[in-house]
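Below is one structure, written out as structure tokens; comments come after it.
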Amino acid sequence: MGRASFAYDFPHRNLLSAGSLNPLDVQMLFERAGEHFERNREPNKKLDALKGLTQINLFFEPSTRTLASFELAGKRLGADVVNFSAGNASTKKGESLADTAETLAAMNPDLLVVRHQSAGAAAFFADVTGISTINAGDGAHEHPSQALLDVFTLSRHWGEIGGRRIAIVGDIAHSRVARSNVSLMNLLNAEVRLCGPATLLPPDADRWGATVFHDLDAALEDCDAVMTLRLQRERMSGGLIPSEREYAALYGLTHKRLEAAKPDCLVMHPGPMNRGVEIHPALADDPDRSVILEQVESGVAIRMAILEMVASRAPNMRYEDDR
Amino acid sequence: MSRFLITGAKIADPASDREYEADLRIADGLIAEIGDGLAAGEGEEEIEAKGRILCPALVDLRATACEPGPGAPERLDTTARAAAAGGIGTLVLAPESGHGLARPEDIELVEARALTLPVRVHAGGLAAHDGEMAEIGLMLRAGALYVGDGGRPIADSRLVRRILSYAGGFEAWVSLRPEDAHLAAGTVAHESDMSVRMGLATRPGVSERLAAERDAGLVELTGGRLILDRVTTAEGLIALRAAKRRGLEIAATAPVTHLMFNEIDAGNFDARYRLEPPLRSQEDREALIEAVREGLIDAVVSDHVPVSRVDKANPFADALPGSSNLEALLPALVSLVEEGRLSLLQALRPVTSGPADLLGLPQGRIEEGAPADLLILDPAAPVVHGRTGTVSQGSSAFSGRRLFGKVLMSFVEGAIILQPET
């Protein structure tokens, strides 16, 4: 199978934020991801849609699942994939990030997948290099591929997510996953609820197009899905919450708590989980409720679709027909 | 010493709150005579300035240079030349300049270096060093015009009390950045709907008010003199207004960047607008302009912080804060006049007589016997900042901005220091 050709002309050279997408983009990505999702369950998963292209996964922050997911996605599409775990090493040696970006650009990759601890870093790479860039998480700003895989997972269960009620629970203030998900869910007309202690909710979060709750039981009422976020333990030392025990008691997701939601309410988590803190282990592992592993599976498929779509607009892309 | 007669200019003198047409004679470094129909004497050079504004050269109370100490990206002579290009006649280095002006020797070094520079250069000293009071008295004796926290808010209220009390004994001003150190720790942006959506670490405007109210309380306790260094929020202005109403000896400065820009300018993660304090909301900007208009702000400062392009070549939060503003200070203020936001005198006062009066300097006014630190200005001339190059090599938030106001000639102590080719 050669390069994919698409009925819809995907307009984005980069994927930097979920908010930059339109509903047609999302539909197109989901259709393609659906094909990959099925194929990924077959013995022969390999395609050559990105054959000859080089994809650099540039991770300045530690990551296991996102990096593995993008690596698998690129390899299944036939790209040459290089993982570059920078760990901020070059900038520690006095090099600016612009220098790092230009150095990488000189190696002529076709796609950059960037994770960085600073908001705006992925856009920065796209600007400096002119290379098609996918944001794999920039500080507390955005994580668009995570939001796409989350919504894709839901849409596989429901078809459309429009009109559904979804709660996102936990450390919203520091969560790029929450920001991207709110954008995408708003775009697709879902009703979004944000819930957490006031110290973990950004000011004016009610202006994001979501309703804000501090009481989890109230937030879960009649929800179709709930996504609980990882509580980063370093937040506790900053005095944002009194203790892990209190957080688990007030905001930890359990079967009992879930009774307020709809009977078939789906449970999500972007991972990695703190079992027993933000989610009870029995709920995380409940196959009737939890779609957490399905999110991971969806991740590879959606990232394959993203890589393909973005590559179709990449400046260095040469279509077979053009040769 | 050269003698000049400037004829036909429209004199704008914020000190006397007057605009009028007159001729002005410069002799022996001073304004020798002001009057109508003055005739050039022997050996006197006549400068025809009809249709132009003649005003005091600017007094800038806050700029940093990378000296003394390691000199990247801008040595003091470059900073002084940039000031000259911007129509500034008196430049006061902020206490954090170079490696920090924390000792009397540092102040003496600046005073000595200033002898060879085209504009008057003075310094403020750091009031505290390593959590202890610095040698405030010796620094003042060495020529420091004030002491302050150098933009690093002091969380320890007891230390601030002691500094205000001790410096008050010398009748010296203490300049403190009104910022709650804990609320501001680790933050890079003003707290708003937009910056939170951008995922940036933010501080609320009330951080400024809390610190200003604490410091005003300590002024009340100690009888000290306080400059609120770079008020940037409507919240901070509330505290300032209340403190002034109580009759306390409190003055305030505002950075020119915050009169011109708001957080939207930084909205695309553009590191040129990574400033400290961060750019605020449009409501804050409007409140700040109004405060300048009504005279609540004593001095508008350039807050010149030269940052190399390498240090800006990073994502917003990782880029060093700062902007080279010396050459934009006057055009920015004149642009507010062109926009009808301020009168010419309202715009000039906080960069001439305002800061001069605050620190007891004789310049910054147009009167017989005052130092001949003067500018001839074409206020209607449009300029695109940086298009023809700037002296400062640092990154500037003003780059590419269309402003108004061109300095045609400037004098410091009666000597021409700037006469751009036309």
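Even glycines carry a Cβ here, placed using N, Cα and C.
TrEMBL labels come from automatic prediction, so no person has curated them.
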*Can you tell which of A:ARG32, A:ARG39, A:ARG115, A:ARG245 TrEMBL lists as binding carbamoyl phosphate with A:ARG65, A:THR66, A:HIS143, A:GLN146, A:GLY271, A:PRO272?*
A:ARG115
_Proximity to chain B among binding-site residues A:ARG65, A:THR66, A:HIS143, A:ARG176, A:ARG230, A:GLY271, where any Cβ pair is under 8 Å_ = A:ARG176
_the domain 'Aspartate/ornithine carbamoyltransferase carbamoyl-P binding' (A:13-155) - residue tally per DSSP class, helix then strand then coil_ = 66 helix, 27 strand, 50 coil
*So which other residues, same chain and not among A:ARG65, A:THR66, A:ARG115, A:HIS143, A:GLN146, A:GLY271, A:PRO272, have a Cβ within 8 Å of the centroid of the Cβ atoms at the carbamoyl phosphate site?*
A:SER63, A:SER69, A:ALA136, A:GLY137, A:VAL177, A:PRO270
*With DSSP, how much of the domain 'Aspartate/ornithine carbamoyltransferase Asp/Orn-binding' (A:163-309) is helix, how much strand and how much coil, in residues?*
62 helix, 24 strand, 61 coil
*asked:* Within 10 Å of its Cβ, which one of these binding-site residues (A:GLY271, A:PRO272) has the largest number of other Cβ atoms?
replied: A:GLY271
*Record lists A:ARG65, A:THR66, A:ARG115, A:HIS143, A:GLN146, A:GLY271, A:PRO272 as binding carbamoyl phosphate; longest Cα-Cα distance in Å?*
16
_I'd like the Cβ neighbour count for A:THR66 (carbamoyl phosphate binding site), meaning other Cβ atoms within 10 Å of its Cβ, all protein chains included._
23
